[in-house]
Amino acid sequence: MQSPASRCGRALVALLLACGFLGVWGEKRGFPPAQATLSLLGTKEVMTPPTKTSWTRGSNSSLMRSSAPAEVTKGGRGAGVPPRSFPPPCQRNIEISKTFKYINTIVSCLVFVLGIIGNSTLLRIIYKNKCMRNGPNILIASLALGDLLHIIIDIPINTYKLLAEDWPFGAEMCKLVPFIQKASVGITVLSLCALSIDRYRAVASWSRIKGIGVPKWTAVEIVLIWVVSVVLAVPEAIGFDMITSDYKGKPLRVCMLNPFQKTAFMQFYKTAKDWWLFSFYFCLPLAITAVFYTLMTCEMLRKKSGMQIALNDHLKQRREVAKTVFCLVLVFALCWLPLHLSRILKLTLYDQSNPHRCELLSFLLVLDYIGINMASLNSCINPIALYLVSKRFKNCFKSCLCCWCQTFEEKQSLEEKQSCLKFKANDHGYDNFRSSNKYSSS
């Protein structure tokens, strides 16, 4: 009988071979390269991988040689575009090397496999083990579910767009995919914010013994996280559309944020989208973590003497959870920084009147796809970070992935009982400590 490790190894090899075949198939189909989207509409230069933070920056096309306006069709119907002035043509084409495409495809497949296995295992651990169903772990489960949505939707679409570029999935999927992508990153960001706040609340009420089960406030937090994430993703579903144009005599269909929005709000959203994504989906979790971890540190220093005497073991567990949450936020910042950096650079450095602007766009397009891979890596690296930082999650992953005969509950039952006894003894000792202080002070 084959071991699980050998079966997983063979499955991984088969997936890598399939990825290589996908790369060759995408090149042989004759679709335009990834940079072709930049010349769409004749009046726009766009990077359009529909990622969690996919963006569109309006400007005049660098690849159009004609001064006549391009004909754009929406949903198969022709729509006239008013004549506009065009900047000088680029001195070179925007291109991505085939080597980068193959490397990107292999990395995406690896991230896809690791992310599916890691986040599914994490959700299974929290679902199967009652002792793991507490407030912080339920928020981590919400984070893992958001990451799983991102992996399933985002990585295959981005890989296909890099290799084939044409959008064959129809207008409905064109609106649904960016909506799900933006909702998933909203779940990730707000879950990290809630975890940071939860760690401060745990330290501020440090004498409270952590129980098993989901607190009502945590359940309310999770509902709010998902509702707010879905609401903030609605403009993506409204703004994205199928855009069809001619590219070197061939029809090219692309799913992108429509440059000609119908309402004033959507026009404002299109203009301010990059800064909105950077501020809310990147800076907000970092700022909240910095504020509440600073407050938590001050609280721990203020109560240091009593905590060391009475609740030493309890304090160690809460410090471990706080360290785990901080590690998750740090990984999030490192993984998402390249993607936001590439788009902020385009906003600040791009000059449509510069004939050398396409060299900058070639560099930013590669940096954009590197950032997309790094953002996807964040979705698969969270379970790995939990494995490395948290002893409890490490034991859970070993028990679940290695299929040990002894279940996690059996291995942890004695530890849980001992921990509860220690907590009760510490509570009793702390009460005596407070009583002695009260009588001595009186």
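Just so you know, glycine gets a Cβ as well, placed from its N, Cα and C.
As annotated by Swiss-Prot, signal peptide applies to 1-26, with the evidence given as sequence analysis.
Residues or ranges marked as topological domain 'Extracellular' by Swiss-Prot: 27-101 (among others).
If you look up Swiss-Prot, you'll see 50-65 marked as compositional bias 'Polar residues'.
Residues or ranges marked as region 'Disordered' in Swiss-Prot: 50-84.
Residues or ranges marked as N-linked glycosylation site in Swiss-Prot (evidence: sequence analysis): Asn60.
Marked as transmembrane segment by Swiss-Prot on the basis of sequence analysis: 102-126 (among others).
In the topological domain 'Cytoplasmic' (127-137), helix, strand and coil residues by DSSP number 8 helix, 0 strand, 3 coil. The topological domain 'Cytoplasmic' annotation in Swiss-Prot covers 127-137 (among others).
If you look up Swiss-Prot, you'll see 138-163 (among others) marked as transmembrane segment, on the strength of sequence analysis.
Per-residue confidence over the topological domain 'Extracellular' (164-175) averages 82 (mean pLDDT, predicted model). If you look up Swiss-Prot, you'll see 164-175 (among others) marked as topological domain 'Extracellular', on the strength of sequence analysis.
Per Swiss-Prot, transmembrane segment is recorded for 176-197 (among others), and the stated evidence type is sequence analysis.
Taken from Swiss-Prot, the feature topological domain 'Cytoplasmic' covers 198-218 (among others).
The transmembrane segment feature in Swiss-Prot is assigned to 219-243 (among others); the stated evidence is sequence analysis.
The topological domain 'Extracellular' annotation in Swiss-Prot covers 244-271 (among others).
Annotated transmembrane segment per Swiss-Prot: 272-296 (among others), in sequence order, evidence recorded as sequence analysis.
Under the heading topological domain 'Cytoplasmic', Swiss-Prot lists 297-324 (among others), citing sequence analysis as support.
Taken from Swiss-Prot, the feature phosphoserine covers Ser305 (among others), and the record attributes it to similarity to another entry.
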Criterion met for the transmembrane segment (102-126) and the transmembrane segment (272-296) (at least three Cβ pairs under 8 Å): no
